[in-house]
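Novice: This is the feature table in TrEMBL:
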| type | residues | note |
| --- | --- | --- |
| BINDING | Gly73, Ala75, Val76, Asn80, Ser340, Asn372, Leu437, Asp440, Ser441 | Na(+) binding site |
| DISULFID | Cys178-Cys186 | disulfide bond |
| TRANSMEM | 96-114 | transmembrane segment |
| TRANSMEM | 135-166 | transmembrane segment |
| TRANSMEM | 253-273 | transmembrane segment |
| TRANSMEM | 282-299 | transmembrane segment |
| TRANSMEM | 333-354 | transmembrane segment |
| TRANSMEM | 366-392 | transmembrane segment |
| TRANSMEM | 425-446 | transmembrane segment |
| TRANSMEM | 467-489 | transmembrane segment |
| TRANSMEM | 501-520 | transmembrane segment |
| TRANSMEM | 541-562 | transmembrane segment |
| TRANSMEM | 582-604 | transmembrane segment |
Amino acid sequence: MGNWQPGGTRQGECIGISWTGSLAGCAHPFWLPTCAKDFSLTNEKDAHSSDSDENSERGNWSNKGDYLLSMVGYAVGLGNVWRFPYLTYQNGGGAFLIPYTLMLALAGLPLFFMECSLGQFASQGPVSIWRILPLFQGVGITMVIISTFVTIYYNVIIAYALYYLFASFQQVLPWSDCFSWADESCSKTRIVSDCNTTLHGQIIHANYSFVTGNNLTCINGTISYKPVQFPSEQYWNKVTLQRSSGLDETGRIVWYLALCLLLSWIIIAAALFKGIKSSGKVVYFTALFPYFILFILLVRGATLEGALDGIEYYIGRQSNITKLMEAEVWKDAATQIFYSLSVAWGGLVALSSYNKFHNNCYSDAILVCVTNCATSVFAGFAIFSILGHMAFLSERPVSEVVDSGFELAFVAYPEALSKLPVSPLWSFLFFFMLLLLGLDSQFATIETLTTTIQDIYPTVMKKLRMPITLGLCIVFFFLGLICVTQAGIYWVNLIDHFCAGWGILIAAVLEIVGIVYIYGGNRFIEDIEMMIGKKSRLFWLWWRICWFFITPVLLMAILVWSLITFENPTYGSVLYPTWGTAVGWCMIIFCVIWIPIVAIVKIVKAEGNIVQRIVSCCRPAANWGPYLESHRGERYSHIVDPQKKKEHEIPTVSAIIYKQH
């Protein structure tokens with residue numbers, strides 16, 4: 001057998017287990033040799049964790065880069081490209097960066113840092129994290145449900161990008177001209193309807209055919225144009241969407257959009273089949289490559305005629321500092337920061353929960369927030385340089401070709417790209433960028449849902465992570481089919497209007513009020529210091545000012561403003577039927593109703609009179625604190641893990657490891 005001595009094991013080497021208890025009436029010690037590769041207290045191997053993880057039960061990010069790029073990918077999304085540049089142009093150009101930066105410092109960053117710290121400290125997802133304040137656990141449920149609604153329609157937008165990506169593989173872009181699908185109102189240029197002209201010494205008003213027929217000329221400033229639609233607009237409505245007249249007319253499923261939706265869910269399922277271990281590697285491409293494409297688009301755009309005009313409208317000489325006197329500008333800056341950073345959706349807590357306990361979440365939060373905002377500003381240059389060129393070619397002011405949202409991504413920008421040499425290449429790059437921006441945001445949202453399930457049913461997720469992730473993707477695909485019917489765009493707009501609006505604001509206000517004023521802001525700071533080390537009072541001064549006063553007040557102001565200015569949804573000029581608006585209200589009520597329901601259930605289950613019950617529900621649960629015992633220190637030494645089971649059937653087992661030579 002050779003010599004045996006204590007040592008480590010490698011694959012194929014053996015261990016001996018010394019049994020000093022009794023088994024079947026035998027009181028003598030004996031050896032149970034077995035191979036190291038087979039020695040395991042459980043046969044289950046969770047793809048979410050590896051041997052090098054600090055937290056072997058939940059798993060950790062493989063390295064810091066995986067986490068940071070996942071956070072950047074989650075925060076940087078479609079809104080950075082299709083909403084921020086338009087808001088900047090609309091709200092005073094470069095002057096808009098002043099309220100935008102202030103809102104980042106006062107509202108965005110404090111909430112972002114709070115959520116990252118919260119998830120990392122307890123290593124729990126957005127629902128289980130509310131062990132910190134059981135009365136508010138419904139806030140976590142609201143975050144998860146809203147994220148579920150959003151992930152359904154967000155993937156439909158990714159499907160649109162996929163469709164345009166495939167449509168770009170043609171020598172002539174299908175939206176570059178008025179082809180067979182177009183109607184008489186389609187035109188690449190503006191068509192003059194009528195104008196004032198001089199005839200026999202008198203000024204008359206005549207239609208344009210009369211003016212040209214008599215070799216007359218229009219007087220400057222009197223020309224009116226026929227309402228026409230660019231080819232890209234008609235292609236979007238008639239071909240891509242096959243758009244019906246309204247929500248009442250559902251129509252059929254647009255089969256090619258359904259296939260694109262299926263493909264997008266397949267990509268997401270493939271990226272997440274091992275949870276953060278696989279998605280953490282995919283984001284090295286999906287989070288970084290969009291910057292490369294943006295840079296290419298910017299360089300190409302900057303070389304075009306009219307690009308300078310576009311950039312001046314965006315952030316140059318057209319800047320209007322007096323716009324800062326308008327409350328609407330500050331509201332737009334605050335809401336853009338809030339939604340752009342993806343706070344209060346649950347994703348930041350979920351992604352941060354896989355960090356190692358002593359990770360510097362403070363520097364991470366600042367880095368991700370600054371990167372996100374810099375990306376928005378950078379994207380604006382790439383967008384407006386090419387829109388400026390489009391305005392130059394069509395002899396229109398930049399203000400007439402600028403738009404936001406779907407109209408920018410699928411109408412205005414594709415129209416501009418179609419006018420460039422080698423237009424299929426630029427179109428492919430742009431829609432590939434939109435695809436990547438959407439995908440890494442979806443990765444994080446689905447990971448939020450699987451993290452929630454893992455925290456509630458850890459044993460099930462350990463055995464069935466891949467089937468559960470695949471099952472979620474299949475269910476969401478079928479739920480999303482309503483959004484790829486001929487009325488699909490109306491459903492996408494409806495869900496976005498209600499669910500992605502003030503429901504998240506309610507969750508954010510309750511989150512910061514609950515943690516700062518009920519759990520205790522100073523107590524929370526002590527928790528953070530357990531992770532990142534002791535800091536001076538001066539260091540925490542800014543965060544205390546924001547958390548205790550400025551951020552809650554700002555969030556409340558945005559919430560109240562949103563409720564006061566709330567309008568029934570419309571898509572362009574199409575009004576929604578009453579039942580459609582009612583469905584929207586039902587969706588948002590379903591999202592937020594869990595906040596009072598869970599609070600009432602917690603109070604009912606508590607003991608004592610009503611005041612004692614409420615007080616007990618406002619105290620952290622017995623199992624609140626760092627996940628691993630080694631990180632709890634004296635402050636959390638009282639925690640007893642309910643998951644730990646005592647192995648009564650084995651009195652004493654001592655394992656001694658041997659190496660065979």
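Using N, Cα and C of the backbone, Cβ positions are placed for all residues, glycine too.
Automatic, uncurated: that is what TrEMBL annotation is.
Buried or exposed, and what's around them? Tell me for each listed feature.
Specialist: The number of other Cβ atoms within 10 Å of the Cβ belonging to Leu437 (Na(+) binding site), over all protein chains shown, comes to 27.
Sequence-distant contacts of Cys186 (disulfide bond), defined by Cβ-Cβ distance under 8 angstroms and a gap of at least six in the same chain, are Cys178, Val228, Gln229, Phe230, Pro231, Gln234.
A Cβ distance under 8 Å defines the sequence-distant neighbours of the transmembrane segment (96-114), meaning residues of its chain 6+ beyond its ends; these are 87-88, 315, 323-324, 329-330, 332-334, 336-338, 340-341, 343-344, 348, 361-362, 365-366, 368-369, 373, 377, 508, 511-512, 515, 524, 543, 546-547, 550-551, 554-555.
Proximity of distant same-chain residues to the transmembrane segment (135-166), defined by a Cβ-Cβ separation under 8 Å and at least 6 residues beyond the stretch ends, is recorded for 78, 125-129, 240, 256-257, 260-261, 263-265, 268, 344-347, 406, 409-410, 414, 427-428, 431-432, 434-435, 438-439, 441-442, 445-446, 448-449, 452, 476, 479-480, 483-484, 488, 491-492, 495-496, 499-500, 503-504, 506-507, 510-511, 514, 518, 587, 590-592, 594-599, 602-603, 614, 617-618.
Remote same-chain partners of the transmembrane segment (333-354), defined as residues 6 or more beyond its termini with a Cβ less than 8 Å from a stretch Cβ, comprise 55, 58-61, 67, 70-71, 74-75, 77, 79-80, 83-84, 87, 91, 96, 99-100, 102-104, 107-108, 111-112, 115-120, 122-126, 129, 140, 143-144, 146-147, 150, 276, 361, 369, 372-373, 376, 441, 444-445, 447-448, 451-452, 500, 504-505, 507-508, 511, 554-555, 557-558, 562.
Residues 68, 71-72, 75-76, 80-81, 84-85, 88-89, 97, 100-101, 104, 108-109, 112-113, 291, 294-295, 297-298, 300-302, 304-311, 313-315, 337, 340-341, 398, 400-402, 408, 412-413, 415-417, 419-420 of the same chain, all 6+ positions outside the transmembrane segment (366-392), place their C-beta atoms under 8 angstroms from a C-beta of that stretch.
Same-chain residues lying 6+ beyond the ends of the transmembrane segment (467-489) with a Cβ under 8 Å from its Cβ atoms: 148, 151-153, 155-156, 159, 241-244, 246-254, 257-258, 261-262, 265-266, 268-269, 272-273, 275, 406, 446, 449-450, 453, 460-461, 495, 571.
Same-chain residues lying 6+ beyond the ends of the transmembrane segment (541-562) with a Cβ under 8 Å from its Cβ atoms: 103, 106-107, 109-111, 113-114, 331, 334-335, 338, 501-502, 505-506, 508-509, 512-513, 516, 521, 525.
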Novice: Restricting to the same chain and to sequence separations of six or more, state which residues have a Cβ under 8 Å from that of Ser441 (Na(+) binding site).
Specialist: Gly73, Tyr74, Val76, Gly77, Leu78, Tyr154, Ser342
Novice: Give me the stretch from 253-273, 425-446, 501-520, 582-604 with the greatest number of Cβ pairs under 8 Å to the transmembrane segment (282-299).
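Specialist: When the Cβ pairs under 8 Å are tallied, 425-446 comes out ahead.
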Novice: Taking each of the recorded positions Val76, Cys178 in turn and counting other Cβ atoms within 10 Å of its Cβ, which one has the fewest?
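Specialist: Fewest other Cβ atoms within 10 Å, among the recorded positions Val76, Cys178, is found for Cys178.
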Novice: Write out, in the order they occur in the sequence, the residues of the chain not among Gly73, Ala75, Val76, Asn80, Ser340, Asn372, Leu437, Asp440, Ser441 that have a C-beta within 8 Å of the mean position of the C-beta atoms of the recorded Na(+) site.
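Specialist: My list of surrounding residues reads Val72, Tyr74, Gly77, Gly79, Ala287, Ser342, Thr375.
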Novice: I need the most crowded of these binding-site residues: Gly73, Ser340. Count other C-beta atoms within 10 angstroms of each C-beta and give me the top one.
Specialist: Gly73
